[in-house]
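As given in TrEMBL:
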type     : residues : note
DOMAIN   : 61-268   : domain 'Cytochrome b561'
TRANSMEM : 54-77    : transmembrane segment
TRANSMEM : 97-118   : transmembrane segment
TRANSMEM : 130-151  : transmembrane segment
TRANSMEM : 171-192  : transmembrane segment
TRANSMEM : 204-224  : transmembrane segment
TRANSMEM : 247-268  : transmembrane segment
Amino acid sequence: MLPGAGAGPHSLFITRDWVHPAIKASWDSAQADGRGTTLPAKSKECLIRMAVGWFYLSVMVLCSLGSTCILSTIYWMRYWQGGFAWDGTMLMFNWHPVLMVTGMVVVYSAASLVYRLPQSWVGPKLPWKFGHAAMHLLAFILTVLGLHAVFDFHNQRKIPNLYSLHSWLGITTVFLFACQWSLGFAVFLLPWASVQLRSLLKPIHVFFGASILSLAIASVISGINEKLFFSLKNGNNSYSSLPSEAVFANCSGMLVVVFGLLVLYILLASSWKRPELGMQAERQ
């Protein structure tokens, strides 16, 4: 039996009046056969298991892709760029792509998907809000460390900061992320905001959440491209000759794009959104 199955006001998965709207629509379309008979309870539960099963399959794929994105970035920096240090040298810069991919892409995406977990569909919303905010805060801390790595390296080498399109895009993304987290904490986590204000700001919060992820992916792709142009300048090992490092880094960038597109799909899929059960959910 699935969580929440059975009778009672919190029987979200099985009770007809509390079921997720998208799953309810599936029931309605399959409710009657040619003679007007109703669909058996076991068939209803089978539909729900399929929806939840597809979600967890997508999560498993996401976990694999996210881990591969992080590990491939670490491998790139270690095998072709000399490894890591925290001393103001190029080895310190190597932390920048690793921390940005980990924080702004993978951990940020995981935090964004908290409300898509079927377990979050029932019970109080407040614990899930804390988890959502805490994971985003972790992503922001990793992002700040990644920025510190690149700024400290530039300052040690007397390299100008924030002159490239990649840096403009990246710092804009981080600024929007900081504003998004602060506004979300103040409005949706602290108890002072009215239900009307939360309802008004929620679509904006959701829109900028997906937009920031899209900007983060664009920043990562432009950063990979910029790094390869700077690193592969020699005639026999130029970027245009597509050496092994370029192939590997390009493939890593494509993995980040695929990962991001799958995250955005899950965020937009109506069948996996937490159902809104009335104004009480906004008060929690």
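Easy rule for this one: first residue shown is 1, then count along the chain.
Even glycines carry a Cβ here, placed using N, Cα and C.
Long-range contacts of the transmembrane segment (171-192) within the same chain: residues 104, 108, 129-130, 133, 136-137, 139-140, 143-144, 147, 162, 198, 201-202, 205, 208-209, 211-212, 215-216, 219, each at least 6 residues beyond the stretch ends and with a Cβ under 8 Å from a Cβ of the stretch. The stretches the transmembrane segment (54-77) and the transmembrane segment (204-224) do not meet in space: the count of Cβ pairs below 8 angstroms, excluding pairs fewer than 6 apart in sequence, stays at fewer than three. Per-residue confidence over the domain 'Cytochrome b561' (61-268) averages 95 (mean pLDDT, predicted model).
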